[in-house]
Amino acid sequence: MTIHVKNNIHWVGQRDWEVRDFHGTEYKTLQGSSYNSYLIREEKTVLIDTVDHKFSREFVQNLMAEVDLNTIDYIVINHAEEDHAGALSELMARIPNTPIYCTYNAIDSITGHHHHPEWNFHTVKTGDTLDIGNGKQLIFIETPMLHWPDSMMTYMTEDAVLFSNDAFGQHYCDEHLFNDEVDQTELFEQCQRYFANILTPFSRLVTAKIHEVLGFNLPLSMVATSHGVVWRDDPAQIIHLYLKWADSYQEDRITLFYDTMSNNTRMMADAIAQGINDVDPGVAVKIYNVARHDKNEILTQVFRSKGVLVGSSTMNNVMMPKVAAMLEEITGLRFQNKKASAFGSYGWNGGAVDRVQTRLMDAGFETTLALKTKWRPDGSALEVCREHGREIARQWALHPLDNTPARRVISPVKPAATAPQVTTAAQPMSASAESACGCNEVAAPQSATQPTVQSESGCMQCSVCQWIYDPALGEPMQDVTPGTMWSDVPDSFLCPECGLGKDVFNPIR
């Protein structure tokens, strides 16, 4: 089956209505997905990407019904992951000498998956072109770490089509191919879910790469993604949304998620949410039990939120395992511009709340006072929870509220060994109670748009792969001698792990 895209471009991909798990079981594809491959027939015939490996035979058979495989002049692989290049082995078995155009890093990935180093690879870099006849060219644009080191985009001149790889896509399956033909609510929900769960850690790179592409001043008629729809109706809309989402995005909403053994922590969550609504009925509040709800939906809601409250019962003096797993996911996604607080019930030891609070601080959230309740909360304890929610609403308000006291915060700059908390025996989050814990007000973490400053130790951390530059060690492989401060490191310096430049490094605080 083929679908006409534009002029001499046809979609030759594969729909996958049944898939419900992606990247192992890390991403729930509730709307299915598609693996988009494109066939270009100008004076030269070009295939851009293939499909997931489980559809290899069907893909090649469908392609053979459309074109003589021996007439394919070039294969372009924008991304070597198996859902993009999975059918290469099946295809190359029939046309083994066909040139494959890809990035240098893609060769390592492709040979690692398919074990054919003898294939006819041609490496490309940003700005390289490939003439395909009829006055048209393909222009290649490297996009490392969006979201693999090998990633790139391909732009077709004259037709003004950007084959964007994973960027601007979504795991969304529909009989229709174009964005103006599908349910708009479903589409944009899946776009945001995709960005929040996959691309958020690379937000700085998203912004930089989009501005780089826009700087080429190329006309744009379509964005042809690797998953989901082709953007033909106002294709720039998804680009502008990406710029918005990548810029420390938040809405006026608060997300609570928890796990509980005896419903006590659930009761706390409900009461806290009631308190938030008492003070600020305009704020959107969502509550999720991590053991019962879709993990990716929760992460998407956290991405959208200005703040998150994380609750856990104490089990063996630690947090519930599903809460711990969710916090690990959140740490990896590196959300920006968000506040957080921990809460939970306990019996003889409340270690879970302390650990949750510390993990939130480690993840870069601006944390406020935590809340513990012993055993099942009674009427007075639930009122403490409601008051806690009221104070959260005041402190996290994005607009003026009546009777809003000034609040102090705990910064993620220097996480404490034991997180401060209030209990049902204490005054809930009063100014005097918080002062008594010895916390001082400090500035919030720098946003990505602020100038980089050097940490007191001089150590800098790559925001993409987490590699750390230590001035005491330098980087001898790049002739950076021990004792070289970051400000004196040459601008040509590249992260040894991911190969990106100095602009993705942040000070370790």
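Here the Cβ of each residue, glycine as well, is placed from N, Cα and C on the backbone.
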Site co-member for Fe cation 2 according to Swiss-Prot, given Asp83, His227, out of Asp21, Asp166, Asp174, Asp280: Asp166
Matching residue for the Fe cation 1 site, where Swiss-Prot names His79, Glu81, Asp166 - out of His53, His147: His147
Spatially closest candidate among His147, Thr260, Ala342, Asp362, Thr367, the listed binding-site residues, to Cys495 (Fe cation 3 binding site) (Cα to Cα): His147
Per-state residue totals over the domain 'Rubredoxin-like' (457-508) - DSSP helix, strand, coil: 9 helix, 12 strand, 31 coil
Most crowded position, judged by CB atoms within 10 A, among Thr260, Gln357, Thr367 as binding-site residues: Gln357
His227, Thr260, Gln357, Thr367, Cys465 filtered to the binding-site residues whose C-alpha is within 10 Å of His79 (Fe cation 1 binding site): none
Under 8 Å by Cβ from Asp166 (Fe cation 1 binding site), counting only residues of that chain that are 6 or more apart: His79, Leu146, His147, Ser151, Ile198, Leu199, Thr225, Ser226, His227
